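Remarks on the structure that follows.
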Amino acid sequence: MENGEIPENANEHCPGPQSDSAGKSDACEGCPNQQICATAPKGPDPDVVAIAERMATVKHKILVLSGKGGVGKSTFSAQLAFALAAMDFQVGLLDIDICGPSIPKMLGLEGQEIHQSNLGWSPVYVESNLGVMSIGFMLPEPDDAVIWRGPRKNALIKQFLKDVYWGELDFLVVDAPPGTSDEHISIVQYLDAGSIDGAIIVTTPQQVSLIDVRKEVSFCKKVGVQVLGIVENMSGLCQPVMDFKFLRMTEAGEQIDVTEWAREHLKERAPEFLSTIACTEVFDSSRGGAEKMCREMGVPFLGKVPLDPQLCKAAEEGRSCFVDQKCGVSAPALKKVIDKMMENQGLSRMLVDNNA
């Protein structure tokens, strides 16, 4: 328990050896360290001071959260980092999803390793102004499972914040796992809620996701983190008509691929469809979706991003959706969301100053 670190054999939800409730809380019952923690002298964690010194060179810190998994949070985090870097900002992307690190793949960095210098751990760079850190770079094999209790996860998050040398950053984007558990409490405590610009929360339109997002908003309010806004992702499926696959059902219930016939038919009989976008609802949004929830909870609504197969492909290939016209449906929607977030926080002025 050197420097107040949480021991690996501690109970889940351990309050930490330096906490006033160490050895006394319900979470401490049955822990082999309970007596030591209860009687040990308390004091400030020296690592928190080291983290504050390391983070002093980071101007803006943004958390990306979600109430539940599978809503596209990591995709949004990756594209937010790409977008900020394309604006000539110095950007860091920190992946604290310890058990499901997908950021290395979404940034095209699979197979890369962390290097250490006399300044600390060096991020893995996509471009000279976009660095990434993830436990995914530390796994011997990409299929290895991380089977850790809370204390060990917390210790790694602390190490990421204390030992990674980012240099001067305009933005540090933190991709967090779903929910409101150990990782979230740790990142807020170690960074100090007051130094975090705020959190962007990603959801899908249906109630089963929004129920959990309400909990995420409540978490942010309780720990003192500003909600920068809610993004409604997968807000309908949108793609060019000519990108669809067309099927015909037989009386026996079999599907016959008639895509080529349908495309040729449209070219000959209805050429105006060649430049038409088709959209349909995927999730039930009849109860108002994220926009209505934002009005009810008094938090900003940043906008909607449709489910775009081309954006999914960009994420799989680890590339930005903004560099070409392939993501013609989702890229403009994402740009509007990011621009609104920047404008709401007065960061658009920062962009002007940087380019002056």
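Note that Cβ sites are derived from N, Cα and C of the backbone, with glycine treated the same way.
Here TrEMBL flags 1-27 as region 'Disordered'. According to TrEMBL, the feature [4Fe-4S] cluster binding site maps to C14, C28, C31, C37. Here TrEMBL flags G67, K68, G69, G70, V71, G72, K73, S74 as ATP binding site.
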For this session: Let me know the most crowded of the binding-site residues, choosing from G69, G72 and counting other Cβ atoms within 10 Å.
Result: G72
For this session: Going by Cα-Cα distance, pick out whichever of the binding-site residues C14, C28, C31, C37 is nearest to K73 (ATP binding site).
Result: C14
Exercise. Can you tell me how far the Cα of G69 (ATP binding site) sits from the Cα of C31 ([4Fe-4S] cluster binding site), in Å?
Worked result: 31
For this session: Between C37 ([4Fe-4S] cluster binding site) and G72 (ATP binding site), find the distance joining the two CA atoms and give it rounded to the nearest Å.
Result: 40
Exercise. In angstrom units, rounded to an integer, how far apart are the Cα atoms of S74 (ATP binding site) and C31 ([4Fe-4S] cluster binding site)?
Worked result: 35
Seminar exercise, completed: With neighbours defined as other CB atoms within 10 A, the best-packed of the binding-site residues G67, G70 is G67
Exercise. Neighbourhood of the [4Fe-4S] cluster site (C14, C28, C31, C37): other residues with Cβ within 8 Å of the Cβ centroid, in order?
Worked result: A10, N11, P15, P17, A22, G23, S25, A27, N33, Q34
Exercise. Counting distance between Cα atoms, which of the binding-site residues C14, C28, C31 is nearest V71 (ATP binding site)?
Worked result: C14
Exercise. Inside 8 A of the center formed by the CB atoms of G67, K68, G69, G70, V71, G72, K73, S74, which other residues of the chain have their CB, for the recorded ATP site?
Worked result: S66, P178, V202, T203, T204, S209
Exercise. At the Cα level, what's the spacing in Å between K68 (ATP binding site) and C28 ([4Fe-4S] cluster binding site), rounded?
Worked result: 28
Problem set entry | Same-chain residues at least 6 apart in sequence whose Cβ lies under 8 Å from C14 ([4Fe-4S] cluster binding site) | I6, A27, C28, C31, G150, P151
